[in-house]
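Enquirer: These came from Swiss-Prot, pasted as-is:
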type     : residues                                                                                                 : note
BINDING  : Ala74, Gly75, Phe76, Asp77, Lys78, Thr98, Asn156, Asn189, Lys231, Thr259, Gly285, Gly314, Tyr335, Thr336 : FMN binding site
BINDING  : Lys78, Asn123, Arg124, Met125, Gly126, Phe127, Asn189, Asn194, Asn260, Thr261                            : substrate binding site
ACT_SITE : Ser192                                                                                                   : active site, nucleophile
Amino acid sequence: MVAGSGRTYRTVYRHLLTRVDPEVAHRWAFAGMRAASRVPVAPHVLRRAFVEPDPRLRTRVLGIDFPTPLGLAAGFDKNATGISALGNFGFSCVEIGTVTARPQPGNPKPRLHRLVADRAVVNRMGFNNAGAEVVARRLRQLRAVPPVHPVVIGVNIGKSKVVAEADAAQDYATSARLLAPYADYLVVNVSSPNTPGLRDLQAVEKLRPVLRAVREAADGAAHRHVPLLVKIAPDLSDEDVDAVADLAVEEELDGIVATNTTISREGLRSPAALVAAAGGGGLSGAPLKERSLEVLHRLAARTRGSLVLVSVGGIETAQDIAERLDAGASLVQAYTAFIYEGPGWARRVLGELAASRSRRETDRPS
């Protein structure tokens, strides 16, 4: 059934969705997933079709039990409107957002472009979201009626565009205060290329007060320790990656999410005219694989197991997942592969990962 659904999706994607504006196509597809999950028996049917995680894939990270190490990266569900639905399609964790303290429309459209030859997406969405207060209300309602199949909920927070850099720490803290009570973990996003000046906050002297303000606000509002991670860009120099890693250890963060999208366009297969037409913004997907893995290796060597590392960027196959886990990641996330491969993708790669682990255990000398 999963293989069939994958073929059907790719046919629909090729003949219909690629003819539609990518943002509209995303809205249609996401609405369809939510609608399917609202049918009374659908969650059970979908879970049987798309999930059934192998017990060998279970992992405990951040004090949380994850049925598998694969989560959906931030950006797909910006406003917490489809967490349970997405869990039905095989993700053990859904990271919502990016959410800002103030609601904002994001950047002008069109702001999402496909580079199909590269299996990549270019976005300059600009943190379009309903704002922390609205998203917190949705999360509170979700927590009040637990789903049949619980999903780990990560919340990714960013700076409101209208807020000056000098006030960034308090802006992040406002989001943390509202959202932390309903989050399994929080991610401070200082690495999107689509909010002017945001990446400047990755500098240690600017990042430190943001992290401290978020931690104090989150733990105070939730009356518990809320695991806190920071998400970094792949475009940081190796020295800057080291500096952020050192800061994360020094400030006793729980982990690092690496990496966000890239502003680089090197090595793309798509025609130059198509790349130029896509314009600026962050590129995700297969071209990010090499740099994302490089950053992971560097972080693992620098932090020596003292932080949880969540690897994101260019993950498409079970082999990619295994490679990231072997390189030091505790969890992995994906987004672009889900867009290109469709609803059966997560279960397929997780099944292949479980089979690979089984073979490794069988081949291990006794």
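Positions of Cβ are set from backbone N, Cα and C atoms, glycine also.
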Enquirer: In whole Å, how far does the CA atom of Gly126 (substrate binding site) lie from that of Asn156 (FMN binding site)?
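Expert: That comes out at 14 Å between the alpha carbons.
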Enquirer: Report the member of Lys78, Lys231 (the binding-site residues) whose C-beta atom has the most other C-beta atoms within 10 angstroms.
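Expert: Result of the Cβ crowding comparison: Lys231.
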Enquirer: Please give the FMN site's span as the largest CA-CA distance among Ala74, Gly75, Phe76, Asp77, Lys78, Thr98, Asn156, Asn189, Lys231, Thr259, Gly285, Gly314, Tyr335, Thr336, to the nearest whole angstrom.
Expert: 20
Enquirer: For Ala74 (FMN binding site) and Ser192 (active site, nucleophile), determine the Cα separation and express it in whole Å.
Expert: 11
Enquirer: Arg124 (substrate binding site) to Phe76 (FMN binding site): how many Å between their Cα atoms?
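Expert: Cα to Cα, Arg124 (substrate binding site) and Phe76 (FMN binding site) are separated by 14 Å.
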Enquirer: Long-range neighbours only, meaning 6 or more apart in sequence with Cβ under 8 Å: which ones does Ser192 (active site, nucleophile) have?
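Expert: Long-range Cβ contacts: Thr98, Phe127, Gly158, Leu198, Arg199, Asn260, Thr261, Gly282.
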Enquirer: Using the alpha carbons only, what distance in Å do you get between Gly285 (FMN binding site) and Asn189 (substrate binding site) once rounded?
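Expert: The separation of the Cα atoms works out to 19 Å.
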Enquirer: So if I measure Cβ to Cβ from Asn156 (FMN binding site) and keep only same-chain residues at least 6 apart in sequence, which ones fall under 8 Å?
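Expert: Once residues fewer than 6 apart are set aside, Asn156 (FMN binding site) is near Ala74, Glu95, Ile96, Gly97, Thr98, Val99, Leu186, Val187, Asn189, Lys231.
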